[in-house]
Amino acid sequence: MALLVQKFGGTSVGSPERIEAVAAKIKQYRDNGDDVVVVVSAMSGETDRLIGLARALSEAPPPREMDVLLSTGEQVTIALLSMALQKRGCPAKSYTGSQVHILTDNAHCKARIQGIDGSRIQQDLKEGKVVVVAGFQGVDEQGNITTLGRGGSDTTAVALAAALKADECQIFTDVDGVYTTDPRVVPHARRLERITFEEMLEMASLGSKVLQIRSVEFAGKYNVPLRVLSSFQEGPGTLITYEDETMENALISGIAFNRDEAKITVLGVPDQPGVAHKLLGPVAAANIEVDMIVQNMAPDGATTDFTFTVHRNDYERALEVVRRTAGEMGAREVAGDDKIVKLSLVGVGMRSHAGIASTMFETLANEGINIRMISTSEIKISVVVDEKYLELGVRALHDAFQLEAPAAG
Ligand code: ADP
Ligand code: ASP
Ligand code: MG
């Protein structure tokens, strides 16, 4: 008998029929003698629909009210799933985030979980109930409803698993595990049996939205056994674990990509100490996160070019801020491009192997794909390329590093 925290994403609970199927699955675990705490997302498309309603009313909806609105999506699902479980003779009880004291800071729309009081849940489990908790939401010290950022139900599940010391946190979704890359882009991508926290964190940070970044951080920090599985078919899924000697360290575990990128270049900036600070200070002050940064050599010894990337949603705002500063600094020109994407290779095996970057660059060159920016760390290499090359680039790299599933038979 185990204590399991099971999370079902939006597609998995996207219709009454699917909710019935989820209830049937949970009941199987119960019948096996496991204790189950369930975390659910809003039904698929619901969070987007709610955001659309808010935008129809206001260009910049107040974040506090946004959270009141968005949290309703998950509240619908917990009630429906509990009904479906009870119908099957499986005692179940639903709770919103605040009812089980998922305490967060007050950063509306991107709140962080600070603590969970598991006593109410533990009492219900003792009484033989399945506890169904709304994902993605919490409450701050003042009693305001908060939400945890897109994909936040993953983090609710991991945080509950940590608080309750669950035996495993199981993330049920519409794919049967973590793949070498998004199977929607490379249909013959391969499911990974295991991936390290470190690699999964990079994959998530670099754009693989199969798990929210914070859920991976949390699981790594509190040593929560985490598994990604399919809601629709049986199988072992993918276990996210610490690195150990027995793992054959694949050179490359996966390829991540991010479509939400934009870049800004300032040309002909006077090359003096403090340029980066002068240009990026006001960007940071406007609460815009900067990712990659490249400052060129100054061939004429007098002026230099400076390029950086931001989230595509922040592009217009960042451009405005930079134009102002660049004008004051006497830069020649500001140019921008929001039709770029980032492709990244991730793998702990990279630490001990040279030559991966050159294979990557050669592969892209052979496809006629121009690399706009490069950034590397111990276990990843990222390049920025034009948006139109995303699929071609990912597939070419997947082939070049032989990440595909072996042919059947
Ligand atoms: P849920 O609604 O269950 O939270 P998400 O849409 O957030 O599901 O995450 C699952 C999706 O993540 C998959 O449908 C897949 O397209 C995408 N994905 C991106 N990268 C990967 C990857 N490396 N492995 C598996 N799925 C991935
Ligand atoms: N419903 C929220 C979203 O769509 C949270 C989640 O699904 O994890 O982002
Ligand atoms: Mg998700």
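Any Cβ shown, glycine's included, is placed from N, Cα and C.
Those TrEMBL annotations? Automatic predictions, nothing curated.
Taken straight from TrEMBL:
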BINDING   Lys7, Phe8, Gly9, Gly10, Thr173, Asp174, Tyr179, Arg184, Lys209, Val210  ATP binding site
BINDING   Thr47, Glu74  substrate binding site
DOMAIN    264-339  domain 'ACT'
DOMAIN    345-409  domain 'ACT'
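Sequence features annotated in TrEMBL and their locations in the structure.
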residue	record	CB count, 10 Å
Lys7	ATP binding site	29
Gly9	ATP binding site	22
Thr47	substrate binding site	24
Glu74	substrate binding site	30
Thr173	ATP binding site	23
Tyr179	ATP binding site	26
Lys209	ATP binding site	14
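If you take the Cα of Glu74 (substrate binding site) and the Cα of Gly9 (ATP binding site), they are about 10 angstrom apart, rounded to a whole number. Of all Cα pairs drawn from Lys7, Phe8, Gly9, Gly10, Thr173, Asp174, Tyr179, Arg184, Lys209, Val210, which the record names as binding ATP, the longest spans 22 Å.
DSSP gives Gly9 (ATP binding site) a coil state; it is part of no helix or strand. DSSP gives Thr47 (substrate binding site) a helix state. The 6 Å Cβ screen around ligand 2 retains Thr47 from the binding-site residues Lys7, Thr47, Thr173, ordered by sequence position. Highlighted here are the binding-site residues (Lys7, Gly9, Thr47, Glu74, Tyr179) whose C-beta falls below 6 Å from ligand 3: Gly9, in sequence order. DSSP assigns Lys209 (ATP binding site) to coil in the three-state reduction, placing it in neither a helix nor a strand. Secondary structure counts, DSSP: the domain 'ACT' (264-339) has 29 helix, 29 strand, 18 coil. Taken residue by residue with DSSP, Tyr179 (ATP binding site) is part of a strand. Taking the Cα atom of each, Thr47 (substrate binding site) and Thr173 (ATP binding site) are about 17 angstrom apart.
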